[in-house]
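Swiss-Prot has this to say about the protein:
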- 16-236: region 'TRIAD supradomain' (REGION)
- 20-70: zinc finger (ZN_FING)
- 91-156: zinc finger (ZN_FING)
- C111, C116, C135, C138: Zn(2+) 2 binding site (BINDING)
- C143, C146, H151, C156: Zn(2+) 3 binding site (BINDING)
- 185-214: zinc finger (ZN_FING)
- C185, C188, C203, C206: Zn(2+) 4 binding site (BINDING)
- C198: active site (ACT_SITE)
Amino acid sequence: MTTARYRPTWDLALDPLVSCKLCLGEYPAEQMTTIAQCQCIFCTLCLKQYVELLIKEGLETAISCPDAACPKQGHLQENEIECMVAAEIMQRYKKLQFEREVLFDPCRTWCPASTCQAVCQLQDIGLQTPQLVQCKACDMEFCSACKARWHPGQGCPETMPITFLPGETSSAFKMEEGDAPIKRCPKCRVYIERDEGCAQMMCKNCKHAFCWYCLESLDDDFLLIHYDKGPCRNKLGHSRASVIWHRTQVVGIFAGFGLLLLVASPFLLLATPFVLCCKCKCSKGDDDPLPT
């Protein structure tokens, strides 16, 4: 008995084999899938695993062609995805797509109550100032800008650690802002929840790296020096040994590039005159008149 992926050699010899750009294997055409938008072709098994992995991890954008050098930068259509994944994975894909649509829709917003998460409609779309939004599911009234409870006559706070549920007051939450389980990305203002682990956070929406406790940017802090001083000292959530190992790796990478450049510099200096001479000879040969 033969599987759908492997067939006898005498059968394979009759069909032309197509190469998959993901696994670099060669398979018959019926075991390959072509993306309609860009016409890039991959083996069905690889493409299926690629799509399932993106959906399970929580895709941030449309599922693009796996080929990084795709000339058309194609994307998989919904009907193509539905043909290759299970029903429960497809259901999760549609849910993620809907959440992203609401996130970027100026007419809609999510109810900030953690037990509700209904979609609310903004009354006045053209209004530039924060407006009152009332959730029809839980009757919570909140600000359209900062998603906190409605605060008439007051400006929006810079950061909101958590949104209170209906019937609760601030006295029920004695935790400091740094200990809040839900915060907003300081760059794109998307809500992020942290259960435990590392305090170096990266927003899935805008890829901004920041400190969970003080919300300071860590985009350029490759060595995580931020956690060596100040109020966030020793709050990274990793052992000192793992931090030292991380820094050693980063320094090693930069040192390796520097050493490579240093070693290659003499060769580049020696090769430059030869390259210039060759170019001069070629240009001189082009200018010489043809013999008569």
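Placement of Cβ uses the backbone N, Cα and C atoms for every residue, glycine included.
Features per Swiss-Prot, on structure.
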residue : record                : CB count, 10 Å
C111    : Zn(2+) 2 binding site : 22
C116    : Zn(2+) 2 binding site : 17
C138    : Zn(2+) 2 binding site : 16
C143    : Zn(2+) 3 binding site : 21
C146    : Zn(2+) 3 binding site : 19
H151    : Zn(2+) 3 binding site : 14
C156    : Zn(2+) 3 binding site : 14
C185    : Zn(2+) 4 binding site : 19
C188    : Zn(2+) 4 binding site : 12
C203    : Zn(2+) 4 binding site : 18
Exercise. Which state, by DSSP, holds C203 (Zn(2+) 4 binding site): helix, strand or coil?
Worked result: coil
Exercise. According to DSSP, how is the zinc finger (91-156) divided among helix, strand and coil residues?
Worked result: 13 helix, 13 strand, 40 coil
Problem set entry | Integer Å distance between the CA atoms belonging to C185 (Zn(2+) 4 binding site) and the residue listed as 'active site' | 16
Exercise. Given the binding-site residues C135, C206, and counting only Cβ atoms in the protein chains shown, which has the most within 10 Å of its Cβ?
Worked result: C135
For this session: Sort the binding-site residues C116, C138, C146, C156 by C-alpha distance from C188 (Zn(2+) 4 binding site) and give me just the closest.
Result: C146
Exercise. C198 (active site) has how many other Cβ neighbours within 10 Å of its own Cβ?
Worked result: 13
For this session: Consider the binding-site residues C143, H151, C156, C203 and say which one has the Cα lying nearest the Cα of C135 (Zn(2+) 2 binding site).
Result: C143
For this session: Using C-alpha atoms only, work out the spacing between C116 (Zn(2+) 2 binding site) and H151 (Zn(2+) 3 binding site) and round it to an integer in Å.
Result: 20
